[in-house]
Amino acid sequence: MESLSNKKKVLEAKPLTLAEKAYLPAIVRGMGITLKHFFKKDVTIRYPEQKREFSENFRGMHSLKRDEQGRERCTACGLCALSCPAEAITMTAAERQPGEENLYREEKYAAVYEINMLRCIFCGLCEEACPKEAIYLDGDIVPSEFIRKDFIYGKDKLVEAPLNQ
Amino acid sequence: MSVKVTIDGISIEVEPGTTILNAARKIGGDIVPPAMCYYSKLEGSGGKCRTCLVKVSKGSEKDPRPMPKLVASCRTTVMDGMEVQNITSPEVIEARKGVVEMLLINHPLDCPICDQAGECHLQDLGYEHGAAKTRYEFDRRTFERIDIGDKIQLHMNRCILCYRCVFTADQITEQRVHGVLNRGDHAEISTYIQKAVDNDFSGNVIDVCPVGALTDKTFRFKNRVWFTKPVEAHRDCDHEKCNGKVTLWYKGEDVIRVTARKDVYGEVEEFICNTCRFDKKKTSDWVIEGPRKVSHKSVISANHYETMKPLPVVKQNPLLQEANKEQFERETRL
């Protein structure tokens, strides 16, 4: 019966010639291809030492921002935790004491602010919900860890470095 | 002898002397004008904030002329055959938007900090009318925050001068130590020379406050209301005037706040004493009645599930039903 596409190739298994039997030319040709790749541009990069450029709307690790005077912007209003579909964010608020005006912008601040990076789906809703422009997902890819506990990021990892450093 | 009043096309027979607002509340639903200062439990309240403005398009059966201006529905009594427009009148909506803007002139927009956020009437009103920006260019009036006693915090910045707390103090105590000082733009709620309010019912000023001006110091910055779980409870209170019916606000295992029970208009059903409100914060002090019903429109109901509703696939399969029996018998999700 004739095939529908007419693309069928009939292969004939011919006996190998002497040159083919020796395999050497085939090996040399294969090595040649390998050698050619030494002089070509790399397809891969050496992450994490080397990094590709991220897209402009890439969402990576969260960072808690500071304002122009280096005070923490977050007031622990809880809207990020409310909007979080994965329920990855928890926080505890505290009242700013007199003398701490240079540390926190508003009279309430987040004493504890934790994000569980295993739960986070990097949807960016927290960033959208924030009324104080305090949280942005502008960081890197979250690094890997060995134990689950280490994926709960506290304020030590999330808050931006102070201005004067 | 009753009079007939029509509000937004819905007729109702009410007692003569009823205010338009109360007639509307008898009908219920969307046509009830919002009220920031009127409080049905407080005598003499109302007529201050003007959020309850309505249009009277027909005065009465005898005198069918419309009223020349919008009237405050909490202060205007009904007449026989009166026709009132609330949400059906664009004029009223426009005027109410203006009132919200007026109320927000001196109100700081610190909802992220304020403990009242989530159950604040001014927040709801601002949201409903979409007035997110202010046209006011001058500085807002500011005050230092004041401690009224060790349990109540007064943020005068947030006060909209509704006088509810003053009426509460008037009604609940014989000697009031709390009132409004000065006039006009300088008016402020104050205890005279910051004297401590020591009455068994002083905590109720927290509940009647429509904004976050008077807040519970024991709950200050503890948590946001929408992360807490409201539960109805009661206890045998020793105080003869207090019946001990309250709402407990749980966070995990802990009672972090106790308030009086509020109805759909945000008004307390009965005033509770300070012992119930501030001192009884253990589950063992209370008899739990069950979870409080929260409107699904409220942010407090976010992430709270009222009952375990079986999925269609579970409903049809007796094996799965049997396996999930324990979960469905529970009234609330853990």
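Note that Cβ sites are derived from N, Cα and C of the backbone, with glycine treated the same way.
The [4Fe-4S] cluster 2 site recorded in TrEMBL comprises A:Cys120, A:Cys123, A:Cys126 together with one of A:Cys77, A:Cys84, namely A:Cys84. In this structure, the binding-site residues A:Cys74, A:Cys77, A:Cys80, A:Cys120, A:Cys123 were compared by how many other Cβ atoms lie within 10 Å of their Cβ, and the smallest count belongs to A:Cys123. If you compare Cα positions, A:Cys74 ([4Fe-4S] cluster 1 binding site) sits closest to A:Cys126 out of the binding-site residues A:Cys84, A:Cys120, A:Cys123, A:Cys126. Put simply, A:Cys80 is the one of the binding-site residues A:Cys77, A:Cys80, A:Cys130 whose Cα lies nearest to the Cα of A:Cys123 ([4Fe-4S] cluster 2 binding site). Checking the binding-site residues A:Cys77, A:Cys84, A:Cys123 against chain B with a Cβ-Cβ cut-off under 8 Å leaves A:Cys77, in sequence order. Sequence-distant contacts of A:Cys126 ([4Fe-4S] cluster 2 binding site), defined as residues of its own chain at least six apart whose C-beta falls under 8 angstroms from its C-beta, comprise A:His62, A:Cys80, A:Ala81, A:Ser83, A:Cys84, A:Ile89, A:Ile135, A:Leu137. A helical conformation is recorded for A:Cys126 ([4Fe-4S] cluster 2 binding site) in the three-state DSSP classification.
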